[in-house]
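Feature list (source: TrEMBL):
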type: TRANSMEM; residues: 24-47; note: transmembrane segment
type: DOMAIN; residues: 40-289; note: domain 'G-protein coupled receptors family 1 profile'
type: TRANSMEM; residues: 59-78; note: transmembrane segment
type: TRANSMEM; residues: 98-119; note: transmembrane segment
type: TRANSMEM; residues: 139-157; note: transmembrane segment
type: TRANSMEM; residues: 196-218; note: transmembrane segment
type: TRANSMEM; residues: 239-260; note: transmembrane segment
type: TRANSMEM; residues: 272-291; note: transmembrane segment
Amino acid sequence: SMNNKTSATEFILLGFSSKPALQLFLFSLFSVLYSATLMGNALVFLLICMDCQLHSPMYFFLCHLSIVDICYATNNVPHMLRNLLGQGRTISFAGCGIQIHLYLIFALTECVLLAVMSYDRYVAICHPLRYVFIMNRRVCLTLVSVSWAFGFVFGTLQASLALHLPFCCPCEVDHFFCEILAVLKLACTDTTANKVLIFVVCVCFLIFPLALILISYLRILATILRVHSVAGWHKTFSTCGSHLAVVGLFYGNGVFMYMGPGSGNSSGTAKALSFFYSLVSPTLNPLIYSLKNKQVKVALLKLLRSRRVF
């Protein structure tokens, strides 16, 4: 009704459960995953910055992926842990707006960044003799800048449109953070324009980059099939398999969450998918991409030995 419209000053996050035992278990689980996310990505960032052997385009992009993952998790998880401890489920309107804004920026930036990384692997494998020329410092800086700029512009656009809507009381968000689809359900006006924009952005940041990634890997597959060295096959698959695994999980969940049937409903499935983006993916990325990589392992051993010397 018209009387229920409000210039919302705060939202109530319903979270996962109200059972104390389950909340304690989730708090313990999420704390471990969050700590692993921070330590794993910070270690990757530190190793890449300190070891000159890792100053190559691939590791330059990995460094930015680590930054995105740290920021992404930190945007959502601390407030979620606070709620699980029973310290209050409310979040101010400004705080909710910041969560939506940063969530969109980091998610969209990662979408573009993963596509950039697949292009880097394509050039490295399909055009190895021209790799240094094609992926020069200027090109790498441009690709990373475009990733962050696109994420910022389109994230800001979506967040601005959502936060200018009138909301209905009670402002209960059926989620563990201010996720944009869950917040839009509380609007006291038609949100068709917002949903259309979300769909268009999903096409641009999920479908289009995923198509580019698949094309890149098809070209890579065609190239390695012409190589008659088993060692060459193994090296290529170990390098690209990790990236492709993360890409499949990341884009697949994104498409299902924002473009699948019932994507506007903040159900248990939507919370589980958001949990994957907030904690599981940022935790796995440094393990899959970097810490199993031979060059990164060598850099880590060098760092540990230098610590022992001092």
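Positions of Cβ are set from backbone N, Cα and C atoms, glycine also.
Between the transmembrane segment (24-47) and the transmembrane segment (272-291), the number of CB pairs under 8 angstroms, six or more residues apart, is three or more, so the stretches are in contact.
Taking every recorded stretch in 59-78, 98-119, 139-157, 272-291 and counting its Cβ pairs under 8 Å to the transmembrane segment (196-218), the highest total belongs to 98-119. Among 59-78, 98-119, 139-157, 59-78 has the largest number of CB pairs under 8 A with the transmembrane segment (272-291). Mean pLDDT for the domain 'G-protein coupled receptors family 1 profile' (40-289) in this predicted model: 85.
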